[in-house]
Amino acid sequence: MNVLNKMELFDPTSNATSSLHDYGNFCIYGYMNQSSRGPMPVMEEVDASGSERNSMPKWIALICFLSLVMLMSVLGNLLVMTAVCKDRQLRKIKTNYFIVSLAFADLMVSLLVMPFGAIELIHQNWIYGETFCLVRTSLDVLLTTASILHLCCIALDRYYAICCQPLVYRNKMTPLRVALMLGGCWVIPTFISFLPIMQGWNSIGIGEVIQKRKSIGNATNSTACVFMVNKPYALTCSVVAFYIPLGLMVLAYQRIYVTARAHAQQISMLQRAGGAAASADSADHQRNHRMRTETKAAKTLCIIMGCFCLCWAPFFITNVVDPFINYTVPDQLWAACLWLGYINSMLNPILYAFLNKSFRRAFLIILCCGRKRYAARRPSILGPGPTCSAAQINGSTHVLKYAALHNGNHIEQEKQSLQREDTESPESCF
């Protein structure tokens, strides 16, 4: 470059200066546009790598948490099903058929629904195509609804067993009726899962909203699994899958608690009538025992209902509210509510099986690899002995009501009978 050209670089009126200015602008804006499509600048790469390093522990914690939920759910529900299959005494109790079917539904949630949800949550996209997205969503609605309906059937079965007379329970809970209830737990969810979802009834009137949601982040149908529902589907699905079962469970467990409390009070009244010469210490002991019985029953029922409401109420409240607020619920909140409901599949084996003494003993037999090793420490439940069944609980309640009408020479005999039957109080079967 000669001197004249060098001078032209600093001459505001020269064409060379103008050309250099245009070239500089081209370089700056061209680089910025290229960086938006290709590699980032060095400083942005440093910031991104630092951000990834900071978020890495969070992703590791999330992966560990999701894996733990799935693993515990699979093992717990498999253990429940194995215990009933191996234990003849457990198979004699009608309530356990509902528990086994519940365990199977929760096991399917753990194997067919949770893994794909975890992969989508971690990768932030859907890699299995639109058709499998519909199948996975239908399975999600089907299995979770079936799980909730099983919980409702268990509550109704216990209501008939504890709050009604033995003859009423036998007439109500016949093998045919139990089979129909189990069938209903699986058939009813299909009418709000596969049928409407595969037909697209849930998306009628909101097609533009769904396409807009899919287009966020330049996602295509193959990389986004978006499930949004219109108002009619949201209301129908939520009422059938949650609000009706919730109402029935609240009524059933409220009556069960009232009956259990009356049971304990009647035992105390009969003991006072038959043992007038009992000491004050004995009376205090009986009063304390009754209070412990009522408290334990109340705590167990509160735990059952509390876990159910805590796990599923946030999701179904959000499911109803979201269509009425123009679908503005954040995706993070949706994911949290959904996985909170999935956690219920992990808790069900604990609430409905591990709290039962017969199930706990069966679990120990299975985990100790055989009956002989466990029988050296505790008696086997496979042998003779009383079993905690719903009919026996109800029979004890019926005897209480009948014994209250007697006096005189019969009172001591009834008192001894009641003391023997009181060892199988309702709370031991919760």
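Quick reminder: no glycine exception, Cβ is built from N, Cα and C everywhere.
Remember, TrEMBL labels are computer predictions, not curated facts.
Predicted, not measured: the structure shown is a model, and the values here were computed from it.
The transmembrane segment annotation in TrEMBL covers 59-85 (among others).
The average pLDDT the prediction assigns to the domain 'G-protein coupled receptors family 1 profile' (76-352) is 88. Under the heading domain 'G-protein coupled receptors family 1 profile', TrEMBL lists 76-352.
As annotated by TrEMBL, transmembrane segment applies to 97-119 (among others).
As annotated by TrEMBL, transmembrane segment applies to 139-157 (among others).
Among the features that TrEMBL reports, transmembrane segment is placed at 178-198 (among others).
Sequence annotations record features per position, and here TrEMBL assigns transmembrane segment to 233-253 (among others).
Summarising the annotation, TrEMBL assigns transmembrane segment to 300-321 (among others).
Cβ atoms under 8 Å from those of the transmembrane segment (333-355) belong to residues 66, 69, 72-73, 76-77, 79-80, 83, 99, 102-103, 105-106, 109-110, 113-114, 117, 121, 144, 147, 151, 154, 300, 303-304, 307-308, 310-312, 314-315, 318, 363, 430 of the same chain, restricted to positions at least 6 beyond its ends. Under the heading transmembrane segment, TrEMBL lists 333-355 (among others).
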Decide whether the stretches the transmembrane segment (178-198) and the transmembrane segment (59-85) have at least 3 CB pairs under 8 angstroms, with pairs required to be 6 or more apart in sequence.
-> no
Contact set, same chain, for the transmembrane segment (139-157): CB under 8 Å, 6 or more residues outside the stretch | 94-95, 98-99, 101-102, 105-106, 108-109, 112-113, 117, 173, 181-182, 184-186, 188-190, 192-194, 197, 237, 240-242, 244-245, 248-249, 252-253, 308, 312, 341-342, 344-345, 348, 352, 390
